[in-house]
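*Asks:* Could you have a look at this structure, given as structure tokens, before my questions?
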């Protein structure tokens with residue numbers, strides 16, 4: 001099991017996702033992964049992807065009615081690559097799709113969507129700056145446009161846009177708008193739709209070798225004087241291409257120079273049929289421009305527009321206005337809308353539902369995550385900060401007041417939501433009024449995040465003790481495993497404010513499935529003891545902090561030797577585990593002001609006026625501090641229970657080297673364990689609670705390292 005856990009701890013979270021459904025508006029900034037399978041955007045929602053250099057799709061794209069997919073760049077040197085390369089994937093748009101690289105002026109963008117089928121019933125925008133030539137392509141063996149497609153560039157370049165597959169047939173029953181763009185038609189085209197060229201756009205029909213390559217119902221509209229249409233001269237094609245809007249200087253041409261040949265003229269116009277014929281020797285093409293043109297206003301010119309074959313004298317221009325005898329078909333009257341701006345709420349947000357097929361559970365040094373069935377964007381247990389005020393009105397008669405609450409939560413992986421478990425009393429303030437002094441204490445916020453791959457019971461126990469001299473607030477948070485693969489995370493927080501001269505005591509226990517190391521850093525007098533309580537499911541419950549009667553376990557005592565009127569005690573204990581996810585944190589911050597506490601111990605003769613903590617099998621008659629319950633004598637049993645399930649190392653490091661840190665005693669009842677005869681050395685390690693040996697900090701790291709290696713290879 002340890003070997004399996006070690007292997008899992010080195011793996012990254014990996015999930016094979018088959019689909020994602022956008023149900024509410026979502027905006028993503030910067031680099032994201034779009035290779036996530038099928039994508040569906042529901043009606044009323046949009047997905048806006050901003051400044052993501054490469055957006056690669058691997059599954060079906062389905063944009064519902066009144067929905068939108070926006071991919072855009074706002075950075076001049078960030079080109080956009082939007083790719084779909086799947087022979088079986090389909091693109092279905094009933095809403096709005098906008099691929100917008102108009103601001104990308106320093107790089108070549110590319111839009112190339114190659115799938116099994118393409119169907120547009122809504123609005124589809126392909127936009128670029130045109131500063132650098134780029135290619136745009138919407139490819140599918142089955143290709144249908146019933147809506148609006150806009151191919152736009154800020155300025156004309158040699159780039160082009162292509163629809164469909166070479167040699168296959170596309171069906172256009174809608175409107176295709178070109179602005180500063182070249183549409184190169186390489187496939188057959190069917191349908192009664194319209195292709196509109198405006199603002200220096202060109203239509204290049206390069207497949208007229210097939211006499212049926214262009215439907216007689218398909219329409220090409222030259223919307224301004226800078227637009228043009230050109231066909232490839234590969235033979236004299238009897239097919240007639242419908243052209244609207246010819247006039248005002250725009251052009252119709254071939255890929256060869258116009259010249260007389262084979263008994264014919266370079267160009268001719270039939271006013272009855274409205275057909276304009278162009279020829280280059282044996283090659284030629286016919287265009288139905290409509291009636292009403294004046295033959296004197298035709299002239300041979302050169303179309304040297306970018307992106308199309310440019311030949312001298314290869315086109316015809318008409319200098320007069322467009323005659324009104326030929327009305328536009330309904331498809332050409334559809335408005336060529338401007339490219340929409342991408343929605344941007346200024347921040348990243350996410351509203352989606354993800355379906356996954358397979359998932360691999362993995363952990364790092366702090367968490368274990370698993371996703372199954374639906375997206376779990378975050379599964380977090382958060383300890384919220386709340387303030388609880390404990391007031392003792394009869395401090396002279398109160399031995400202690402404790403409030404204990406247990407909150408049980410479970411973290412599951414079947415729901416796609418953020419799980420937040422709040423444990424109150426993470427920030428606790430207590431006030432005790434006495435005739436001599438007032439002490440307040442606040443415990444720091446304790447935040448723990450636990451994500452497990454199996455069901456886990458999380459138990460939070462908060463214990464607050466109030467004595468006549470001050471408040472001791474102890475908060476212990478632990479997690480017990482519901483399965484052998486789950487990891488236990490425990491947090492212990494303790495806060496105590498004694499009267500002046502009192503020593504601050506911190507009690508912390510950590511249990512888990514792997515060794516824990518607890519490092520304690522103290523700046524003033526600190527002693528360690530263990531409060532009583534009955535562990536449940538691995539949780540350790542403390543009824544308070546003792547300072548008079550020691551437990552039979554190992555006691556680390558430090559006494560002040562100076563007369564101090566005001567004492568600020570701060571103790572912080574942090575437990576970490578490099579190979580697991582167990583975390584234990586004990587934080588004690590206290591400030592007390594008042595007269596010296598004289599702990600008169602009847603059976604000892606140590607009369608220290610500042611801090612006389614002689615806690616070795618004696619009856620302590622504390623005149624100021626009397627908050628110790630008889631149940632504290634059970635601590636040794638609790639220690640045995642805890643240490644039987646894990647190896648706990650308590651490392652004590654003192655900031656001030658002038659004070660002794662620990663007393664070592666082979667017998668708990670030894671009366672020589674007083675502050676005056678302390679032989680402890682800063683930086684000692686006390687294994688478990690026996691006090692039988694001392695190890696250096698370096699040895700602690702060695703043992704922790706060997707334990708880690710052992711866990712990895714077992």
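Note: Cβ is positioned from N, Cα and C throughout, glycine not excepted.
In case it helps, Swiss-Prot gives these features for our protein:
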COMPBIAS  320-330  compositional bias 'Polar residues'
COMPBIAS  346-504  compositional bias 'Low complexity'
COMPBIAS  505-519  compositional bias 'Polar residues'
COMPBIAS  520-544  compositional bias 'Low complexity'
COMPBIAS  545-558  compositional bias 'Polar residues'
COMPBIAS  559-590  compositional bias 'Low complexity'
COMPBIAS  597-625  compositional bias 'Low complexity'
COMPBIAS  665-679  compositional bias 'Low complexity'
CARBOHYD  200  N-linked glycosylation site
CARBOHYD  390  N-linked glycosylation site
CARBOHYD  394  N-linked glycosylation site
CARBOHYD  399  N-linked glycosylation site
CARBOHYD  421  N-linked glycosylation site
CARBOHYD  473  N-linked glycosylation site
CARBOHYD  577  N-linked glycosylation site
CARBOHYD  621  N-linked glycosylation site
CARBOHYD  624  N-linked glycosylation site
CARBOHYD  663  N-linked glycosylation site
CARBOHYD  690  N-linked glycosylation site
LIPID     690  GPI-anchor amidated asparagine
REGION    320-633  region 'Disordered'
REGION    660-692  region 'Disordered'
SIGNAL    1-19  signal peptide
*Asks:* For residue 200 (N-linked glycosylation site), which of the three DSSP-derived states applies: helix, strand, or coil?
*Replies:* coil
*Asks:* Within 10 angstroms of the C-beta of residue 200 (N-linked glycosylation site), what count of other C-beta atoms is obtained when all protein chains are considered?
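*Replies:* I get 21 for this one.
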*Asks:* When the compositional bias 'Polar residues' (320-330) is classified with DSSP, how many of its residues are helical, how many are strand and how many are coil?
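*Replies:* Per DSSP, the residues of the compositional bias 'Polar residues' (320-330) fall into 1 helix, 0 strand, 10 coil.
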